[in-house]
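*Asks:* Copied straight from TrEMBL:
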type: MOD_RES; residues: LYS207; note: N6-(pyridoxal phosphate)lysine
Amino acid sequence: MSQELHPITKAIRIQTERSQQNEHSTPLYLTSSFIFDEAETMRAAFADENDSNIYSRFSNPNVDEFITKMCALEGAEDGFATSTGMSAVFSSFMALLQNGDHLICSSSVFGSTFGIVNKYLPRYGITCTLVPANDKAAWEAAVQPNTKMLYIETPTNPQLEVIDLEWAGQFCKKHNLIYNVDNCFATPLLQKPIDFGADIVIHSATKWIDGQGRVLGGIIVGRKDLIKDIYLFCRNTGPALAPFNAWVLSKSLETLDVRLERHCANALKIAKALQSNPNVGWVKYPFLEGHPQYDIAKKQMKAGGGVLCFEINGGVEAGRKFLDSLQLLSVTANLGDSRSIASHPASTTHSKLTDAERAEVGITPGLIRISAGLEYADDVLNDITQALEKSQG
Ligand SMILES: *Cc1c(COP(=O)(O)O)cnc(C)c1O
């Protein structure tokens, strides 16, 4: 075909070269290493003179297929897939930063990412300034002569703040920073940070990309020179993605676009309905008009994503009762599943913090996060509505 294929088609049609069996679906390459017929080809492989597979910690056909599809979707030059989203985040820091470097990080980031930048990076002489997601003056004030990277997430978890990717791109250009974006919540089908100048894009593939709560996985894609450094770091330190997980994730990309359509439609429908619920204080969803960054969300996202959050009246106690009263929704520590999931950060992920500390990271006592699944939307909404009523007793 003469025409360049659309990335959605590529995510379905990119495939490891067929074996002599002429299989339709890619087979699983469960092998630790790959053989060489001649000493010379093995020497050349180790010298990076050819791209033969050597060992599955470095590369594997299933993993490569997943990476190639993700690069097509994100518009990236190259990538490396990792065992989890967190190993992708950690490897991007360790491979690109060194003793004496400074990092600027949005204060609303995933909890484990927060832990890495606050607890572990300082041990290696890498300091970090946390800045509120949309406080542009604070970002400017945070820049130091040794600032090397900006790290952000948008939309953020669980507060769903939206950061202006275009503005952040200009900020990085102006200060010559590596622009590193965790695109987990939006996926490349709703938002492409590279279009706004991102150098590195990270995913927890565990979430929407798998989409069925089965496997853990992560990926880093972006600029070729930076990915080369990340690849060399990972090849030595070993956070490789397992071939089986890569096979699952690569297959999952074939349905990501259609799944997201339903996830987003369900989330928007639930968010809209909850706005008029008497047991709810406020509702937040990037594509609801009342969202503080609605205009930015509309500018940079194709749809609002599968996650919404709301404040239940009655605080922590009502939040706990709400979870106990759900009959259909799952109460579990994940998101991005075909099954809708509810969580209450104040009594779970953030329960060890004081009220003041929680307020600082935007966790209000009655905050409920909903990951909208693929079920019939009214069934999900009816369950939420009845649990809201019971929560007030
Ligand atoms: C879950 C998550 C991660 C971590 O991914 P794992 O696959 O669980 O290691 C990182 N960032 C965001 C935004 C996430 O939601």
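We number each residue from 1, going along the chain as drawn.
Heads up, the Cβ atoms here are built off N, Cα and C, so glycines get one too.
What you are looking at is a predicted structure, and each value in this text was computed from that prediction instead of being measured.
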*Asks:* Once the chains shown are all counted, how many other Cβ atoms turn up within 10 Å of the Cβ of the residue listed as 'N6-(pyridoxal phosphate)lysine'?
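*Replies:* Other Cβ atoms found within 10 Å: 22.
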*Asks:* According to DSSP, does LYS207 (N6-(pyridoxal phosphate)lysine) sit in a helix, a strand, or coil?
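*Replies:* It is coil.
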